[in-house]
């Protein structure tokens with residue numbers, strides 16, 4: 001399925017049905033009086049966040065959505081039926097913005113959240129409502145109210161606990177495949193990943209989180225270079241960022257500096273998120289080169305990097321557990337609780353004792 005994370009749609013609620021002008025006609029009843037029913041209300045346009053979706057591709061080919069019109073009222077006091085509602089289903093994490101693409105209407109970040117985009121018009125009153133002591137046979141009724149219409153933007157920001165960032169060809173997709181059951185496209189050239197990929201990390205039956213791999217950033221991405229910073233929105237909700245640096249490249253310090261600069265240029269406090277720095281592809285280096293590269297990266301970043309390899313699996317579990325600690329803190333647990341739960345249980349000397 002193709003990935004689409006933003007689109008513009010037009011929605012229109014239904015008009016209300018008009019009220020009826022009608023009089024009771026019955027044998028032996030000379031003055032039956034008015035009996036016109038009310039018109040039905042127009043249908044609403046709703047939007048709902050549902051699980052199981054991770055793209056807005058359904059709205060790529062159909063952008064116009066109109067709810068049903070209310071039915072007109074009829075004689076004998078019969079009211080018109082309401083128009084059919086329209087329900088738009090979108091992935092969890094979808095934001096609804098006004099046509100200016102800046103004003104946020106709603107952030108549907110929880111499954112089951114709903115929002116009424118356009119309210120249907122009320123149905124008009126039939127002439128039965130206008131009967132009074134002065135005018136006992138009104139020959140007029142109200143028309144139905146018009147529905148609402150508007151253009152809105154839908155922008156998807158994926159719900160991920162941990163985000164992977166790095167330069168193109170840093171090994172992010174290989175790491176995602178090693179850590180989860182996801183199978184992203186992997187190749188030895190830059191920009192293999194063109195759209196975000198999600199995977200679920202299962203450390204144990206009770207320890208799991210969602211990991212997001214976004215397309216690589218290059219210098220000047222904030223100004224539109226490469227794929228730009230458009231996909232950084234998909235890690236805005238993450239509790240922690242895993243910054244992968246390719247250990248086989250020559251300029252280790254420059255790689256880290258480039259990504260940090262683009263995160264700061266993007267804004268939205270992305271640069272302030274917790275960061276776990278990892279030197280990737282260490283399986284291709286000898287022990288001495290590993291130490292030298294790690295020291296160089298620590299000198300420029302001030303963070304001791306973890307040594308990992310998505311190919312051999314070295315250090316992957318340790319890195320994932322470090323990320324999960326930050327996720328648990330984000331979920332409301334204290335650092336102490338997270339550390340206690342992750343600490344290995346000490347075995348009783350001499351085996352089990354009653």
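Using the three backbone atoms N, Cα and C, a Cβ is placed for every residue, glycine included.
Here the structure is a predicted model, which means the values were calculated and not measured.
Here's what Swiss-Prot has on this protein:
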BINDING   166-173, 191-195, 213-216, 280-283, 309-311  GTP binding site
BINDING   173, 193  Mg(2+) binding site
COMPBIAS  339-348  compositional bias 'Acidic residues'
DOMAIN    1-159  domain 'Obg'
DOMAIN    160-328  domain 'OBG-type G'
REGION    333-354  region 'Disordered'
Integer mean pLDDT for the domain 'OBG-type G' (160-328): 81
For residue 281 (GTP binding site), nearby residues of its own chain (Cβ under 8 Å, 6 or more apart in sequence): 171, 246, 247, 248, 309, 310, 311
Of 169, 309 (the binding-site residues), the residue whose Cβ has the fewest other Cβ atoms within 10 Å: 169
Position of peak Cβ density within 10 Å, selected from the binding-site residues 173, 195: 173
DSSP-derived structure type at residue 172 (GTP binding site), helix or strand or else coil: helix
Binding-site residues (166, 172, 215), the one with most neighbouring Cβ atoms at 10 Å: 172
